[in-house]
Amino acid sequence: MTRHYNFCAGPAALPEPVLVRARDELLDYQGRGLSVMEMSHRSAEYVAIAEQAERDLRDLLAIPDDYRVLFTQGGASLQFAAAPYNLLGRGGSANFVHTGIWGKKAMAEARHLFGAAPVAASSEANGHTAVPRQADIALTDDAAYLHYTANETIGGLEFDYTPEAVRPDGTRVPLVCDMSSSILSGPLDVSRFGVIYAGAQKNIGPAGLTVVIVRDDLLDRARADMPTLLGYKTLAEGGSMVNTPATYSWYLAGLVFHWLKHDIGGLAAMEAINRRKAEKLYAAIDASDFYANPIAMANRSRMNVPFVLADDRLDKAFLAEAEEAGLLNLKGHRSVGGMRASLYNAVPEAAVDALVDFMGDFEKRRG
Ligand code: PMP
C-alpha cells in the first residue's frame with residue numbers, strides 16, 4: 001500500500017492515524033459486534049460517540065457555554081440559506097463582505113431568497129488580492145448581521161483579522177462567518193462571532209457533515225417560513241438528531257478532534273505546524289520567477305496556496321509529473337486554472353517538503 005501526498009481542496013486529506021483507527025473499528029466497534037455505520041443514532045453507543053465529538057470540539061476551540069454546536073447536513077452551501085432564514089426573522093438585511101467566489105455565492109443565495117443583500121465591503125477592485133480593512137466595511141442602517149468568508153478557498157485569500165460588525169448608528173450586530181476552509185487551523189476567539197459554520201470535508205472530517213456554532217441569543221430570530229430542518233433552534237433542541245444525522249461522518253470528525261487534541265497537542269501546536277508549512281511553500285514561490293502568487297502578504301491563505309507557472313503551456317506537464325511523483329490534486333479550481341496546493345491540518349510537513357523539492361526540480365528541467 002502506498003499513500004500519496006494529497007493536496008486536494010476538499011474532500012481533503014485525512015490524518016492517517018484517524019483512517020487507521022477507523023479501519024480497525026470498521027467491522028466491530030469496540031467489541032459491540034457491529035460497525036458505527038450500522039448503529040442506530042439513538043443507541044447509547046452512538047450517542048456517546050456523538051457527545052464525545054462535541055466535547056472534544058468544544059475543548060479544542062474553547063467554545064463558550066452560551067454557544068450551541070450543531071452537527072448538520074447540506075454542506076456549507078445550505079448554510080448560505082440557513083443563516084438568513086435563521087437571522088432575518090425580525091427584518092433587516094444580511095450584509096456581506098465580498099472577497100471571492102464563496103462569499104459571492106453566499107450573497108447570491110440571500111438575494112435569491114430575500115431580495116436585498118447589501119455589500120458592506122468588497123475586494124473586487126483589487127482582484128481579490130487583499131481583504132478590505134475594517135475602516136472600509138460600511139454596514140447599512142438596517143443590517144441584521146454581517147457575513148464574511150474567513151478564507152476564500154479558491155482565491156487563497158484569508159482574513160488576517162476578525163471584522164467588527166457595527167451599524168452606522170453604533171449598534172453591534174452578529175458576525176456570521178463561513179469558516180469552511182480554515183476552522184481548526186489554529187486557535188479562535190469564538191466569542192467574537194454570532195454564527196460560525198463549516199463544511200466538514202477540509203479540516204473536520206469526511207463530506208456529508210456541516211458544523212454550525214451559534215450563540216444562544218440568536219436562536220429566536222428565525223423567519224416563520226423557514227424549512228424546519230434549517231432551524232438552528234430546532235437542531236439545538238434536538239441535539240442535532242431531529243432526523244437521522246450523518247452518523248459516520250460525525251464519528252470520523254470525532255476521531256479527527258481526538259487526533260488534534262491528543263496527537264497534535266491542540267490548536268496552538270497545529271497553528272505552528274501550519275505556519276511552517278505555508279511559509280515554506282510561499283518562500284519557494286517567491287524565490288522563483290517561474291512560479292507566482294498574487295495575494296498580499298498579510299492575506300495569503302495558510303490553507304490554500306494558489307500559484308501559476310510563468311508559462312501556462314507547462315501546466316499539463318507539471319500536473320502529470322507531480323502526480324507521477326506522488327503529489328496529487330494540485331490542479332487549481334476549474335474557474336481560475338493554474339495550480340493550488342491545499343495544506344490542511346492533515347497534510348504533513350513532509351508533503352510540503354516533497355512539493356517544494358519537486359517544484360525546484362521541475363523549474364530546473366523546464367524553466
Ligand atoms: N465555503 C467555502 C469557503 C468553501 O471552500 C466551500 C467548498 N469548497 C463551500 C463554502 C461550499 O461547501 P459545500 O460543498 O460543503 O457546500
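Cβ coordinates come from backbone N, Cα and C, glycine included.
Automatic prediction, not curation, is the source of TrEMBL annotations.
In the three-state DSSP assignment, the secondary structure recorded for Arg42 (L-glutamate binding site) is coil. Annotation for Arg42 (L-glutamate binding site): same-chain Cβ neighbours under 8 Å, separated by at least 6 residues, are Met241. Under the heading L-glutamate binding site, TrEMBL lists Arg42.
What TrEMBL records for Ala76, Ser77, Trp102, Thr153, Asp178, Gln201, Asn243, Thr244 is pyridoxal 5'-phosphate binding site. In the three-state DSSP scheme, Thr244 (pyridoxal 5'-phosphate binding site) is classed as coil. Neighbour list (Thr244 (pyridoxal 5'-phosphate binding site), Cβ cut-off 8 Å, at least 6 residues apart, same chain): His41.
Here TrEMBL flags 5-355 as domain 'Aminotransferase class V'.
The N6-(pyridoxal phosphate)lysine annotation in TrEMBL covers Lys202. In this view, Lys202 (N6-(pyridoxal phosphate)lysine) is surrounded by 30 other Cβ atoms within 10 Å of its Cβ, with every protein chain counted.
Non-local contacts of Ala76 (pyridoxal 5'-phosphate binding site) by the CB criterion (under 8 A, 6+ apart in sequence, same chain) comprise Trp102, Asp178, Ser180, Tyr197, Ala198, Gly199, Thr210. The Cβ of Thr153 (pyridoxal 5'-phosphate binding site) lies under 8 Å from the Cβ of Ala9, Gly10, Trp102, Ser180, Ser181, Lys202, Ser301, Met303, Asn304, His333, Ser342, each of these being in the same chain and 6 or more residues away along the sequence. Within the set of binding-site residues (Ser77, Gln201, Asn243), the lowest number of other Cβ atoms found within 10 Å of a Cβ is recorded at Asn243. Filtering Arg42, Lys202, Asn243, Thr244 by Cβ distance to ligand 1 (under 6 A) retains none of these recorded positions.
Within the set Ala76, Ser77, Trp102, Thr153, Asp178, Gln201, Asn243, Thr244 that the record links to pyridoxal 5'-phosphate, no two Cα atoms are more than 30 Å apart, and one pair reaches that distance. In this structure, of the binding-site residues Trp102, Asp178, the smallest number of CB atoms within 10 A of the CB marks Trp102.
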